[in-house]
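According to TrEMBL:
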TRANSMEM  73-91  transmembrane segment
TRANSMEM  103-121  transmembrane segment
TRANSMEM  133-154  transmembrane segment
TRANSMEM  166-183  transmembrane segment
TRANSMEM  241-258  transmembrane segment
TRANSMEM  270-293  transmembrane segment
TRANSMEM  305-326  transmembrane segment
TRANSMEM  332-351  transmembrane segment
TRANSMEM  363-386  transmembrane segment
TRANSMEM  398-418  transmembrane segment
């Protein structure tokens, strides 16, 4: 087996096992059930927001140390954080313990940046598209298996909501142990760069491979150079904003959806959360594949923006279906449609950002874009959810999220029209000046 394929397979196994978390589709049902003494209001205002804020704060530090520690320690941290989270979910009962585990959930999510960028430090650039698709597919497959497993366990009455956590804990232990076996990274983009000294008399030997002192002494300078070159490009800014705003809305919608379902159907005979999660994952994966096929070089940038504006408006409409109904099944349908549309739009936005980058700064730019998304998500939480904000009911919260996506669609639609009119006017002025000459 080729080395790059071997490394890709090892990382895919980690991503697949980590995503098998059958307790997640029913975490709200579990927390509001008889196993814990917590109210819906405490869950919404005192527990879940801690995870959002923790993710934001820790991403800043994780993003800076991932390259310095060369990825693998952070991937091990993902598994370790998962073990802590689900151990606490099983064996603790207090509100404080839930808030502490939400802090670790922030670690669990923030450290994902190491998983996504590890592969780029280990394989040649020409394999990037293939290894990216492999790791994404592995995660989708894990989530799909997770959703199917959880639904079967509940429907067949083989497990209750609490017992599903034991499966999740087992997979997180396996993921952590597997992470120790990943090959270590000898070099990284900023803090551990290696260069080959040129030799005019003979091919470079192993002894000629050494650290570049200028780069080693100034990694922050290189970081700043990549940052400046990326974010002075108007197209990168345009698509990065789309990516960040879309991701923020997606995180907020998925984070509290189970609470909304609990409001619509307080005591369901069978909660179909696992099946919904499985269907959404399958459709999101297909949408991502379709986006990669349809978008690759076939659409002009302005056309792409117009298409995504329409899809963003449809995302808002699907969220309205989720909350403006008393039928839980219609809410399920709305959520599945939302997930499928998001899978398409975020794939296109990611591709556009990457296509407009000049250097190998993919990890840096997407790390910053994710950080910006978490800032937007935290603002949404403060304004819509918290006591210092409007403290809206779950139904009203989702109405706000729906119009958030619709507003984004309108803003980008107007920006495309303004850009088109400005370019048209510039061409006319240029044509008149040529005639006068």
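Placement of Cβ uses the backbone N, Cα and C atoms for every residue, glycine included.
Distant neighbours of the transmembrane segment (241-258): 25-29, 44, 48, 51-52, 273, 308, 312, 315, 319, 322, 335, 338, 342, 345-346, 349-350, 353, 366, 369-370, 372-377, 380-381, 385, 394, 397-398, 401, 404-405, 408, 412; these residues of the same chain sit at least 6 beyond its ends, with a Cβ under 8 Å from one of its Cβ atoms. Counted over residue pairs separated by six or more positions, the transmembrane segment (166-183) shares at least 3 Cβ pairs under 8 angstroms with the transmembrane segment (73-91), which defines the two as touching. Counting same-chain residues at least six beyond the ends of the transmembrane segment (103-121), those with a Cβ under 8 angstroms from any Cβ of the stretch are 7-8, 11, 14-15, 50-59, 61-63, 66, 70-72, 74-75, 77-78, 81-82, 84-85, 88, 128, 131-132, 135, 182, 185, 187-189, 360, 362-363, 366-367, 370. When Cβ-Cβ distances below 8 Å are used as the criterion, the transmembrane segment (270-293) is approached by residues 22, 24-26, 29, 136-137, 140, 143-144, 146-155, 258, 261, 332, 335-336, 339-348, 351 of the same chain, each at least six residues removed from its ends. With a cut-off of 8 Å between Cβ atoms, the residues of this chain six or more beyond the transmembrane segment (398-418) that come close are 238, 242, 245-246, 249, 252-253, 256, 260, 302, 305-306, 308-313, 315-317, 319-320, 322-324, 380, 384, 392.
Within the same chain, residues 238, 242, 246, 249, 253, 257, 260, 264, 299, 333-335, 337-338, 341-342, 344-345, 348-349, 394-395, 397-399, 401-406, 408-410, 412-413, 415-416 sit at least 6 positions outside the transmembrane segment (305-326) and bring their C-beta atoms closer than 8 Å to a C-beta of that stretch.
Taking Cβ pairs closer than 8 Å, the transmembrane segment (73-91) reaches residues 14, 18, 23, 27, 30, 62, 65-66, 97-98, 100-101, 104-105, 107-108, 111-115, 118, 162, 165-166, 168-169, 172-173, 175-180, 182 in its own chain, all 6 or more past its ends.
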